[in-house]
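Undergrad: Take this structure, written in structure tokens, and hold onto it; I'll ask about it next.
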Amino acid sequence: MSSETGPVAVDPTLRRRIEPHEFEVFFDPRELRKETCLLYEINWGGRHSVWRHTSQNTSNHVEVNFLEKFTTERYFRPNTRCSITWFLSWSPCGECSRAITEFLSRHPYVTLFIYIARLYHHTDQRNRQGLRDLISSGVTIQIMTEQEYCYCWRNFVNYPPSNEAYWPRYPHLWVKLYVLELYCIILGLPPCLKILRRKQPQLTFFTITLQTCHYQRIPPHLLWATGLK
């Protein structure tokens, strides 16, 4: 719903919208912000109505907070089919992936889709294996693209009046680099993306190093998208 006065003031499906600057700093794929932000929506039983909410790290990771809270909500029905979509600023760590996998095994009627802005410590084998385990358990994991950023802006952000169509358009290259690395994780290949951060001055460097196995198993169109083929 387009609005010249910003988002609808009273949205019964959304508990809290985040501010534009929060969305920009949390979901910028170039930033290595420590905190994690979760935007999520829940659809029960194939209904058209969707329940939306936002969450950030507390003493636990946002994924664990969600799982603990989800099963205690009054609307939770363990025998009703439920579709959950997460938009995460960081991918789940290995421990969170294990908690999610265990949760899904206990609740077979739940389907989970995860869109991520960045890969969390992607060279850590525990995190890489955790993502593969999630996919093996039926979770769909994708890097956020322009479509997801635009969707989140319209549905989760307290955007300024007449700015419904605006969202922080990040360079496509960073998105493509994460897409390439996620593909390596899924295939069980060594990391090809390296991220270096200097404190003085504060700069972040993204580099790609490909081995023979990468050229052999990664589809050419993914390499072309990053200018590597």
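Using the three backbone atoms N, Cα and C, a Cβ is placed for every residue, glycine included.
Keep in mind the model is a prediction, meaning the values are calculated, not measured.
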Undergrad: Taking His61, His107, His122 as the options, which does Swiss-Prot list with Cys93, Cys96 at the Zn(2+) site?
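TA: Looking through His61, His107, His122, the residue Swiss-Prot assigns to the Zn(2+) site is His61.
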Undergrad: Other than His61, Cys93, Cys96, which residues of the chain come within 8 Å of the Zn(2+) site, judged by Cβ distance to the Cβ centroid of those residues?
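TA: The answer, listed by sequence position, is Thr36, Val62, Glu63, Val64, Pro92, Gly94, Glu95, Ser97, Ala99, Tyr120.
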Undergrad: Between Cys96 (Zn(2+) binding site) and Glu63 (active site, proton donor), how many Å separate their Cα atoms?
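TA: Computed Cα spacing between Cys96 (Zn(2+) binding site) and Glu63 (active site, proton donor) is 6 Å.
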Undergrad: Within a 10 Å radius of its Cβ, which of these binding-site residues (Cys93, Cys96) has the fewest neighbouring Cβ atoms?
TA: Cys93
Undergrad: DSSP says what for the domain 'CMP/dCMP-type deaminase' (10-134): how many helix, strand, coil residues?
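TA: The domain 'CMP/dCMP-type deaminase' (10-134) comes out at 40 helix, 30 strand, 55 coil.
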Undergrad: Relative to the Cβ of His61 (Zn(2+) binding site), which residues of the same chain, six or more apart in sequence, are found under 8 Å away?
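TA: Those within reach of His61 (Zn(2+) binding site), by Cβ under 8 Å and sequence separation of 6 or more, are Thr36, Pro92, Cys93, Glu95, Cys96.
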